[in-house]
Structures are given as C-alpha cells and as structure tokens.
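Here's the structure, in structure tokens; my notes come after.
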Amino acid sequence: MSSKVQASDPPSTTEIVTISQKVDEGGLIDGVLHMETDVKKKGLSFTMTSFFLVAQMAGAGFLALPRAVADSGWMGIVMMILFCILVGYSGTRLGDSWIMLEERWVEYKGPSRTPYMEIAYRAYGVHGRRLAYTCVLVTLFGGSTVFMILLCGFMNSLVPALSLCEWILIVGAVFIPFTWAGTPKDFWQASVVAVISTVAACVIIFVQMLIEDFPEPEYPNPTMASFSLGFGAILFAFGGASVFPTIQNDMADRSKFGKGVIVGFIIILSLYLPVAVTGYAQIGNAVASNILLSVTQSTAIKVAIGVEILNLFGTYIITFNPVAQGLENLLSIEN
C-alpha cells in the first residue's frame with residue numbers, strides 16, 4: 001500500500017500566532033509575535049545616540065577640568081584618558097547586558113521605564129533592583145541639581161539684578177514642562193542643542209586661553225588632599241552611566257549601542273583634552289574651579305556663557321528623565 005506525500009505550504013502568520021499562543025505557558029503572549037515580525041521599531045538612530053551620550057556627559061564637566069588637572073598634576077591628563085576608556089568600556093557592558101535580557105526574557109524587547117534597575121534585578125534579584133533604584137535616583141537627582149545651580153549662577157552673572165535664589169525659582173519653573181517628556185526620543189532636540197553648545201563653548205574658551213596673556217604659571221606638586229579633589233572632579237566629568245540604559249532603550253537598533261558609546265567617548269575626550277591641557281599649561285595652579293572665571297570677561301566669553309546656559313538646559317532635561325521615569329514607575333502612573 002502506497003501513500004502519496006504532498007508538500008504543504010508554510011504556515012501563515014495567523015497560524016504562527018495561534019501556535020505561539022498555545023505553546024506559551026508563561027503567559028507572555030502579548031506582543032511576542034509583534035516583536036518577532038519584520039516591522040522596524042522606530043527610535044533613536046546610531047548618530048543621535050552618540051549625540052545624547054555627548055550631551056549628557058559633557059554638560060558641565062569640562063569647566064572644572066583645568067582645575068582638576070592643577071589639583072592632581074599632569075597625572076590628571078593620564079587619569080582623564082584612563083577614566084574615559086574605563087567608563088566607555090563599562091557603557092558597552094551595560095549595553096550588552098540589556099541585549100542579554102532581551103534574548104532571555106521577551107518582555108524586555110519593548111520599552112522599559114527602568115532599564116538599569118531591570119538589569120540589576122536579573123543579576124542580583126529584588127534587592128539588587130532596590131539598590132539600583134536608590135543609587136540611580138540619588139545620583140541623577142544630585143547631578144541635575146548641580147546643573148541647575150550652575151546654570152542659575154551663569155544667569156546671575158549675566159543679569160545680576162536678580163539674585164541666585166530668584167534665578168533658581170525662575171529656572172526651576174521653566175524646567176517643569178520639559179520634565180513631562182516621555183523618553184529621550186521625545187526630546188532629541190535637547191541633545192542637538194547641548195552638543196552644539198558644548199562644542200561652541202569649548203572652542204571659544206580654548207581660543208581665548210591661547211590669545212590671552214597670563215602671568216608666568218606655576219606647577220607645584222599635588223598634595224594628597226588636592227589630588228583627591230582632582231580625582232573626584234575628573235570622575236564627575238565622566239559620570240553619566242546611569243542614563244546609558246535609558247538612552248539605549250529608545251534606540252531603533254539597540255545592538256548598536258556599543259558603537260555609539262565608542263564614538264561618543266571619542267568626541268568627549270577630544271573636547272575635554274584641549275581645554276584641560278591648555279588651561280593648566282597657560283594658567284597653572286592659579287586656574288579657577290570654573291575655567292570661565294580665569295579668563296577675561298570679553299564679549300566672546302559672554303557668548304560662551306550664553307551657549308553654556310543652553311548646554312546645561314539640554315543636559316538637565318536628559319539627566320533628569322530617568323529620575324522622572326523611575327518615580328512614575330514607583331507611583332504606578334500609566335505609561
């Protein structure tokens with residue numbers, strides 16, 4: 001007795017959905033097939049991701065770098081390069097960690113308000129998530145506060161008729177509507193403004209230091225106390241990893257985040273080194289904690305202060321966003 005074997009057509013998309021729903025025992029059937037289709041997810045491009053990284057990292061750190069090098073000596077330049085490599089490498093590891101989560105748990109293929117905390121949860125459990133929540137919120141809230149105070153200080157220098165405290169109230173009120181933005185892709189313009197402003201400020205400051213005549217600089221050996229201050233200031237200039245998973249979560253292709261980190265950190269170091277080296281070489285130990293206070297307050301420097309205000313405005317919005325998303329998640333606010 002013979003039977004005729006006929007080739008069957010491949011199952012349709014509808015059949016695949018039905019099979020997947022029957023096989024899935026974990027209850028995670030909503031959106032799984034949608035994630036496996038060829039529909040391209042919209043989000044940040046590779047270039048825009050690099051912009052966000054530069055905007056978040058280079059917000060205000062470069063202003064204190066000449067003083068940081070003065071406190072730590074020429075070894076500070078070596079530390080800058082070393083920290084840039086180490087933090088950049090850590091950023092690529094964070095990116096790969098999220099890709100691992102997507103591969104093992106399909107629910108992470110969608111958007112997440114707390115990606116850093118989810119990485120900690122899968123690595124160390126609920127206690128790891130709680131610790132990450134605390135560290136991320138405290139770190140970014142503190143950093144955002146520094147940016148706001150620095151921005152208000154610049155505003156006070158341009159318009160001294162209003163006190164620093166009054167400017168804090170005004171700027172805080174202006175910031176409120178911008179903190180309502182959902183995720184980084186909703187305010188990509190902030191990263192563009194911040195990066196352009198940072199580059200403009202660095203170029204103006206660099207040129208001003210080259211053309212200005214300073215007294216003969218002195219380069220004393222750093223003490224343990226001064227070295228510690230310089231060490232902390234340089235670390236602060238590269239402190240921004242808490243925001244990395246939030247930026248990656250908004251990418252169209254999250255697997256390219258590592259490349260974005262490499263490009264972003266190359267740009268950051270190319271902005272940091274000229275300002276730090278020139279500032280310390282030209283002014284020496286007399287350089288102020290804010291390099292803008294060590295140069296003549298010419299029209300060009302006032303322009304630099306103006307663009308730095310724009311830079312800090314964009315940086316604040318980017319830095320505070322994970323704090324807002326984390327609080328919304330804790331309060332179970334509808335996404």
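Positions of Cβ are set from backbone N, Cα and C atoms, glycine also.
Here is what TrEMBL records for this protein:
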DOMAIN    43-332  domain 'Amino acid transporter transmembrane'
TRANSMEM  44-66  transmembrane segment
TRANSMEM  72-91  transmembrane segment
TRANSMEM  131-151  transmembrane segment
TRANSMEM  157-180  transmembrane segment
TRANSMEM  192-211  transmembrane segment
TRANSMEM  223-245  transmembrane segment
TRANSMEM  257-281  transmembrane segment
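At the 8 Å Cβ cutoff, the transmembrane segment (44-66) and the transmembrane segment (192-211) share at least 3 close pairs (sequence separation 6 or more) and count as touching. For the transmembrane segment (223-245), same-chain residues at least 6 beyond its ends with a Cβ under 8 Å from one of its own Cβ atoms are 53, 56-58, 61-62, 64-65, 67-73, 75-76, 79-80, 83-84, 87, 90-91, 94-95, 98, 115-116, 119, 135-136, 139-140, 143, 257, 261, 268, 272, 318-319, 321-322. Counting C-beta pairs under 8 angstroms (sequence separation of 6 or more), the transmembrane segment (72-91) reaches the transmembrane segment (257-281) with 3 or more such pairs.
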